[in-house]
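Please read the structure below before turning to the comments.
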């Protein structure tokens, strides 16, 4: 059986940019995406479910997975590990479902290293867009303020370099539309479509 | 003034695939795209307008433009030239508007050579998708029929190689949605967005 594989989409961006808001709004509209379920060593809380909220594992097991390179990314927060298990992502993709991961910038860079075939979307603060407009119609602000903003903007633009797409979060609905367009168009990429067809022909010629 | 440049989108595919139908349905929905106006040596007909239906030029002028490489593509049909003037495309893009060109495969390959920064979309007949399904659940058709279809499919898949995207035209509305998603997502490509921001910073640092 020849099926289209799913695609891993990673949404990231500077803290405070609104990644969580965009992700929630996206999941209200799009039921075809599978949100990536993280693995953690923290205790299960009342009402939480294994394989729904998190995969709950012991510290020993988690550290074994780190050593075996079985996590696409991980980090430690207040004494607990959190990470993205490779097998869960790969099984979901193999079943033809897209996986969606929302994560901070350091985590996204780890995923990129471990899973470069993912599609990486940078959510950019409107401040950068505003900065652009402000510089264009400049002369209304102090030199210091502009210099500070330029410095922050430069750092942000450097962060973008690891990503495939940049979506400006000036409006949640517009940002969601753009992410959905990226998901749809990535499935039309010639490399992906041609691979499927070529597989069909190979199978037939054997 | 720093503005986002438009993008040239080229929709092509085998004859009979429904390029014109998809283009018309797209233009009913999307008013932000500028349809590429062709240049021709044929006479203006009643009701036609210069720079609306075509740019009308003499044979002498057209051949001069061919020699000066001022056409992104051209062809001769029943004694008249038809082509896509480079200056019209470039001026429209410079004004920040996307240009949309629907054209047969030979023309698309010429455009690709002369304007590789365009985005090339291959409209694929559902027969290829059907072929895939048929091969998967095979055994219901004669070997000859399958062999013929495979041969045609191989030729089509080779044609795809010059394109960035493949859209299967199994349903006009779905195909239009996909083309619109491609247009939207291409504007979010990191290379394009980052270039704009970098220009802003360069301007400020001078």
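In case you wondered, yes, glycine gets a Cβ from its N, Cα and C as well.
Per TrEMBL, the features are as follows:
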DOMAIN    A:6-184  domain 'Guanylate kinase-like'
BINDING   A:13, A:14, A:15, A:16, A:17, A:18, A:19, A:20  ATP binding site
Mean per-residue pLDDT in the domain 'Guanylate kinase-like' (A:6-184) works out to 90
Residues close to ATP site centre defined by A:13, A:14, A:15, A:16, A:17, A:18, A:19, A:20, Cβ within 8 Å | A:104, A:123, A:125, A:169
Go through A:13, A:19, A:20, the listed binding-site residues, and name the one with the sparsest Cβ surroundings, counting other Cβ atoms within 10 Å.
-> A:20
Long-range Cβ list for residue A:16 (ATP binding site), cut-off under 8 Å, min separation 6+ in sequence, same chain only, gives A:125
What count of other C-beta atoms do you get within 10 angstroms of the C-beta of residue A:15 (ATP binding site), across all chains shown?
-> 7
Count, for each of the binding-site residues A:14, A:18, the other C-beta atoms lying within 10 angstroms of its own C-beta, and report the residue with the smallest count.
-> A:18
Per DSSP, residue A:19 (ATP binding site) is which: helix, strand or coil?
-> helix
